[in-house]
């Protein structure tokens, strides 16, 4: 069982990016991990997981494109920040788990601190997006956008400092006792996710006639939970069964991508009707204006308007 504030059991199960930097001076090695491959003289770790990361980057780019194309959708500018942050998390994770940035490198603690900070900022951004539908501040306004941007930046800076200080034994923090970092990764981020889900359920039940978006929420949280269970409970078993070709990180990354895709699907499902209505209205307005212009011109030629 995972103990509160303890990375030992976690890192013995799955090779997280923080594991080489906590627990001891040498870090914590997993019991079983995916085998590496050599490409052009360079060892690449987690090759199967890297493929999923690349797919995640492509899929996120597509989702961002579709979000940006919905010009009148509620919370369009706010939700796209979440997907940008997820893309940055994915890219950094690709560099770290693959060994492109080696664990022995002097910059590894900096990149890992940035990775942890981006993860937390992503959860925070998702949480704040949960309030957008309640219109505490009108979506798309500077107040709405900058409150998310600035607070996410503050969260990033705070967690980056905490992570870096923990990895390098600064400011009273220590890699031998990384309780504060554990709380941020599992308690703070977990609470942000739970609050977001509760807010969206309340939003759907109180403000929407359609209940289908609840299905998107259920699928999204199910994918995420399944991914975490596989990651932290079955990673070693999967690794042994698959002869070290894949481990729990592979399936955890897939499930996280599916959960993020359901966030997009949910947002798209609750904004679609508003977009279609708005576009239809604009088209009707343009058609009426064109018809009025033609009628006025014909009437003028016939001597109308006092002619």
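Numbers here mean position along the shown chain, with the first residue as 1.
The backbone N, Cα and C atoms fix where each Cβ goes, and this holds for glycine too.
TrEMBL annotations: computationally assigned, not manually curated.
If you look up TrEMBL, you'll see 44-67 (among others) marked as transmembrane segment.
According to TrEMBL, the feature transmembrane segment maps to 79-101 (among others).
Counting only same-chain residues 6+ beyond the ends of the transmembrane segment (107-134), those with a CB under 8 A from a CB of the stretch are 17-18, 20-21, 74-75, 78-79, 81-82, 85-86, 88-89, 92-93, 95-96, 101, 144, 147-148, 151-153, 155-160, 163-164, 167-168, 181, 184-185, 188-189, 192-193, 195-196, 199-200, 203, 207, 263, 270. Residues annotated as transmembrane segment in TrEMBL: 107-134 (among others).
The transmembrane segment annotation in TrEMBL covers 146-168 (among others).
According to TrEMBL, the transmembrane segment annotation covers 180-205 (among others). Counting same-chain residues at least six beyond the ends of the transmembrane segment (180-205), those with a Cβ under 8 angstroms from any Cβ of the stretch are 4-7, 18, 22, 116, 119-120, 123-124, 126-127, 129-131, 133-134, 159, 162-163, 166, 173, 211, 213-214, 217, 221, 224, 266, 270.
The transmembrane segment annotation in TrEMBL covers 217-236 (among others).
If one looks beyond the transmembrane segment (248-267) by at least 6 residues along the same chain, the residues whose Cβ comes under 8 Å of a Cβ in the stretch are 13-15, 34, 46, 48-49, 52-53, 55-56, 59-60, 63, 66-67, 73, 75, 79, 82-83, 86, 97, 126, 200, 213, 216-217, 219-221, 223-224, 226-228, 230-232, 234-236, 238-239. According to TrEMBL, the transmembrane segment annotation covers 248-267 (among others).
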Same-chain residues near the transmembrane segment (44-67), Cβ under 8 Å, at least 6 residues beyond its ends: 15, 33-34, 36-38, 73, 76, 79-80, 83-84, 86-87, 90-91, 93-94, 97-100, 245-247, 249-250, 253-254, 256-257, 260-261, 264, 267-268
